[in-house]
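Listed in TrEMBL:
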SIGNAL    1-24  signal peptide
DOMAIN    21-215  domain 'GH16'
ACT_SITE  GLU101  active site, nucleophile
ACT_SITE  GLU105  active site, proton donor
CARBOHYD  ASN109  N-linked glycosylation site
Amino acid sequence: MSSSGFKFILLVPLMVAYLMASSASNFHNDFDITWGDGRGKIVNNGEVLTLSLDKASGSGFQSKNEYLFGKIDMQLKLVPGNSAGTVTAYYLSSKGSTWDEIDFEFLGNLSGDPYILHTNVFSQGKGNREQQFYLWFDPTADFHTYSILWNPQRIIFSVDGTPIREFKNMESFGVPFPKNQPMRIYSSLWNADDWATRGGLVKTDWTQAPFTASYRNFNADACVWSNGASSCKSNASPSSASTNSAWFSQEMDSAKQQRLKWVQKNYMIYNYCNDAKRFPQGLPPECNKS
């Protein structure tokens, strides 16, 4: 074999490795930093995004794409130490007065006290579907994966692959379900010390600023909405544009259902469906069907 042929054989795996690496998530390609006057940064050649908050301002970003159904994964490392008063929001949302929204919000706390993971689902502008959880790990010590599975039948919130909440399509019972409005991904780090920690009793300690949250390993296996059309063939079936379409009809198997029950038994601290005082006219209809 000639030396040039030998060099080519050596180069092929290097070229393949480069192509695989270059196709990985890059925040420059997927997101725009939309506010914060430089407090949001994309670093490490596009592999990491950071948001920071000081007394003057927080910061935020949004996805370049809109999505109509998908499985969205993002790894977050939350503000460490005394994060009381801060909120890190990571959510899907459409626009307009009858918007749809699927929320993760991380409510900061005093050092040593747990974060509260706040979830909500809005459909046609109506929310009030809060469920809140403690986490079974320190979300500031390392990155963890927070996922939203959104298909025509259900929305599943997961943490490191463990489901924590399911919101099913119950349109047959008169409950609107997000299914017609494409949504962007948004995230922001902001000061909410009027309500975020112990109902606003604990204020943000600005001597600890700047507060910083970090993001990496974004993945969207989803139907991209562009120019009034979906990258999926129809709302009935995703096309080959989605690399793994199992999510489109995915539901929880028995093992996942057991994990969900474990989380809700041990780590759920608020469920709107158990708050009869808040709904004197009766609990929302989905509470009686889930």
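Numbering starts at 1 and runs along the chain as it is shown here.
Here the Cβ of each residue, glycine as well, is placed from N, Cα and C on the backbone.
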Integer Å distance between the CA atoms belonging to the residue listed as 'N-linked glycosylation site' and GLU101 (active site, nucleophile): 25
Taken over the domain 'GH16' (21-215), the model's mean pLDDT: 95
Listed in sequence order, residues with CB under 8 A of ASN109 (N-linked glycosylation site) and six or more positions away: SER83, ALA84, TYR115, ILE116, THR197, VAL202
Other C-beta atoms that fall within 10 angstroms of the C-beta of the residue listed as 'active site, nucleophile': 18
